[in-house]
Amino acid sequence: MRVTTLSTALFALASTAVSAPTAGSSSPGLEVKLTQIDNTRVKAVVKNTGSEEVSFVHLNFFKDAGPVKKVSIYRGQDEVQFEGIKRRLRSSGITKEAVTSLGAGETLEDEFDIASTSDLASGGPVSIRSHGFVPIVVDGKITGYIPYKSNDLTVNVDGGKAAKVTKALSQLTRRTEVTDCKGDAESSLTTALSNAAKLANQAAEAAESGDESKFEEYFKTTDQQTRTTVAERLRAVAKEAGSTSGGSTTYHCNDPYGYCEPNVLAYTLPSKNEIANCDIYYSELPPLAQKCHAQDQATTTLHEFTHAPGVYQPGTEDLGYGYDAATQLSAQDALNNADSYALYANAIELKC
């Protein structure tokens, strides 16, 4: 990993803790209906299927105007590479512009072009779907989560037309004035990297040969192959965090691309293996959490390293934020969920 000094770059993202809503027939849920508009342009209609109004964060979800991952695209069994950004959110102090409210039975609509964040120039049939959890917000604080799931949509892509769609990241250029890693930001990040390496190594050892029930709590299985995979990814994170002059990622101390909105702690560009910290990464997160499953700089950095395929392939997704959402995932989804690794590392460190 290359860290921003006067000539190098540096980047990271943060972990969001949530608590689950009460289970039952009135539990909130979102139904997502995907339809094709024209070639690679898709419409999503998100419906509140619960009996009460819900307010949720729409960043990293439908209605987010940024090039975020709203759907997964598959050719056969293989997922098409996502070429956008993954943003990490703070868990409190969330401002109104990041929140959407839907009454019972109400819907929101979002249109987007899947070719803007994936290479579909080869054309042919692809299948599109989306699932996960979106954070519930009450008085600016994440207090729970809402599960969402879409239909499977099959689209026969015209490759020629898809190739002409402007790529979201091709428009990204670094700002002329970039604050390199120096001063307090450099000091904070250096500490975060050291702590992330320590936590990742501890968690890797625990994953491979530690308490089975603790591993199952976060990854929903005690299968030895899964334990080995988790340990390998965590060791790869530790190795990357321990390198500030080489490695596979570029880590920005600041926001070179302009995606640090008021509620974003950091963001990742997986296709470029870049991570960027936002101002509130430094101002709102402690170096290490003193409470189980709380946000901090170290596990935020660890979380973001798992997103980068250059660290360990494939990079993880954001399928469930925080302990309660992450521990509701299936074993397969937990293995591919960034926060599952961050939460597990925190739990091993604090003996949760």
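Note that the numbers count up from 1, one per residue, in the order the chain is shown.
For all residues, glycine too, the Cβ spot is worked out from N, Cα and C.
For Glu304, the entry in Swiss-Prot reads active site. Here Swiss-Prot flags His303, His307, Asp318 as Zn(2+) binding site. Residues or ranges marked as disulfide bond in Swiss-Prot: Cys181-Cys253, Cys260-Cys278, Cys292-Cys352. Summarising the annotation, Swiss-Prot assigns signal peptide to 1-19.
Here the features listed in Swiss-Prot are placed on the structure.
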residue : record              : contacts (Cβ under 8 Å, 6+ apart)
Cys260  : disulfide bond      : Ala266, Tyr267, Ala276, Cys278, Asp279
Cys292  : disulfide bond      : Tyr323, Asn346, Ala347, Leu350, Cys352
Asp318  : Zn(2+) binding site : Asn60, Lys69, Lys86, Arg88, Gly132, Asn337, Ala338, Asp339
Cα proximity to Cys181 (disulfide bond), best match among recorded positions His303, Glu304, His307: Glu304
Secondary structure at His307 (Zn(2+) binding site), reduced by DSSP to three states: helix
Other C-beta atoms that fall within 10 angstroms of the C-beta of Cys352 (disulfide bond): 15
Whole-number Å value for how far Glu304 (active site) lies from Cys253 (disulfide bond) (Cα to Cα): 14
Disulfide-bonded residues compared (Cys181, Cys278) - the one with the fewest other Cβ atoms within 10 Å: Cys181
Densest Cβ neighbourhood among His303, His307 (binding-site residues), 10 Å radius: His303
Cys253, Glu304 as recorded positions, winner by CB count within 10 A: Glu304
